[in-house]
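Student: Have a look at this one.
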């Protein structure tokens, strides 16, 4: 279906009390306006015209990679004026969909229904019925058809009783919309050019206006303050949690789970409370994620357990691994099958071989570790000299004792043993024992100093 979209995003967002443009505030980890852009892109919009005003530099920096045409509304003179700034780019025969950057949850299904419902030469309008319509423009009907929209400040007492309200979302043909926009005036209580006045213009020409309801009322709720943003965040997360539960993922408490990206799960996945998923995450069969974990852009294979309060970003974890608690896997970390990393272990740009373990208080950076190797508590790969990074290579079946410092670049061959407390600066041959611990001394009869009175 051939259509282009106009997204209105020029508002300042005064009630957000922020230096950031309102539409850049995030919902589920990405700016509100990006949710709208992504929905349009997914539906195949030919063009996406983004009307901006306040915080233009911030907007363009944050959305630099988005496929939008930037349209400046230098003065905020109303919604009609905003759409009119983009109208020179409208094709006469294309459908124009008007959306809002602070209404992030509108669904593809609702938009498709609206596009399908547009009558020839007329307007398809998205409306919703509210128990308390205060503050919204009212839908005025005459013997059934929609004939006008009256804003709250311009409504008379009878019109204020109407519960069907305008969401602002509409579809019209480009040539018709340009003509109606050209005829707008600002003779109203707010002194603005209302987009809603095109409804009356279409009716006066004898063109039909078709009202469509959204799949869910939450879709058309806008954000004017942080409380409303928090409400939409919880609504979005509840919907994501419901989908995962229906797909067989066991969320121990759906109300305490945040999905801020995409999650692919195998069978019998279990996710405990307060877990945050960001970016693209893949979990294999029988994976268990403990409470308080943060997973970002990572892949975790079958039968792996991630214990509580672990952070995994840009890493791959093999089958039957154990991670955590309190582990940090940074970008480039790779755990091969049946490997273990435990509490307060940090791994960055390092591969831990099959069956190897680093169970306590360890930093492994820029390292390659073979199979069945044990890394003792307190071991550090000293990979950075203040200017450059260097690699540590540890072979198969190596035992590294506690509190060892491995000063890269250094290689430890298969079967070697590094004694506890060693500072290693030279390569170790296969099967060697290396220890650099200072000689132990015992002093008999020694007494502790006594504080002077």
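First residue shown is number 1, and so on along the chain.
Glycine is treated like the rest: Cβ placed from N, Cα and C.
Not my notes, these are from Swiss-Prot:
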type	residues	note
REGION	1-226	region 'Pyrophosphorylase'
BINDING	8-11, 22, 73, 78-79, 100-102, 137, 151, 166, 224, 330, 348, 363, 374	UDP-N-acetyl-alpha-D-glucosamine binding site
BINDING	102, 224	Mg(2+) binding site
REGION	227-247	region 'Linker'
REGION	248-453	region 'N-acetyltransferase'
ACT_SITE	360	active site, proton acceptor
BINDING	377, 383, 384, 402, 420, 437	acetyl-CoA binding site
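Could you place these features in context, so I can see how deep they sit and what lies close by?
Tutor: In this model, the region 'Pyrophosphorylase' (1-226) carries an average pLDDT of 95.
Taking a C-beta cut-off of under 8 Å and a sequence gap of six or more, residue 11 (UDP-N-acetyl-alpha-D-glucosamine binding site) has these contacts in its own chain: 21, 22, 23, 53, 54, 76, 102.
For the recorded site, residue 360 (active site, proton acceptor), the DSSP three-state label reads strand. Residue 360 (active site, proton acceptor) has a Cβ environment of 16 other Cβ atoms inside 10 Å.
Taking Cβ-Cβ distances under 8 Å and a sequence gap of 6 or more within the same chain, the neighbours of residue 384 (acetyl-CoA binding site) are 365, 390.
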Student: Among 377, 383, 384, 402, 420, 437, recorded acetyl-CoA binders, what is the largest CA to CA distance in Å?
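Tutor: Value for the max Cα separation, rounded to a whole number: 23 Å.
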Student: Does residue 78 (UDP-N-acetyl-alpha-D-glucosamine binding site) have same-chain partners at least 6 apart in sequence with Cβ under 8 Å from its own Cβ, and which are they?
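Tutor: Those within reach of residue 78 (UDP-N-acetyl-alpha-D-glucosamine binding site), by Cβ under 8 Å and sequence separation of 6 or more, are 186, 190, 192, 193, 194, 195.
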Student: Quick one: Cα separation, residue 374 (UDP-N-acetyl-alpha-D-glucosamine binding site) versus residue 224 (Mg(2+) binding site), in Å?
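Tutor: Residue 374 (UDP-N-acetyl-alpha-D-glucosamine binding site) to residue 224 (Mg(2+) binding site), Cα-Cα distance: 55 Å.
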Student: Going by DSSP assignments with H, G and I as helix and E and B as strand, what are the residue counts for the region 'Linker' (227-247)?
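Tutor: Taking each residue of the region 'Linker' (227-247) in turn, the totals are 20 helix, 0 strand, 1 coil.
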Student: Work through the binding-site residues one by one (101, 224, 330) and name whichever has its CA nearest to the CA of residue 377 (acetyl-CoA binding site).
Tutor: 330
Student: Counting distance between Cα atoms, which of the binding-site residues 8, 101, 151, 330, 402 is nearest residue 360 (active site, proton acceptor)?
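Tutor: Of all the candidates listed, 402 is nearest in space.
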Student: Neighbour count first, Cβ atoms within 10 Å, every protein chain included; then name which of 8, 420 tops the list of binding-site residues.
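Tutor: By the 10 Å Cβ neighbour count, 8 comes out on top.
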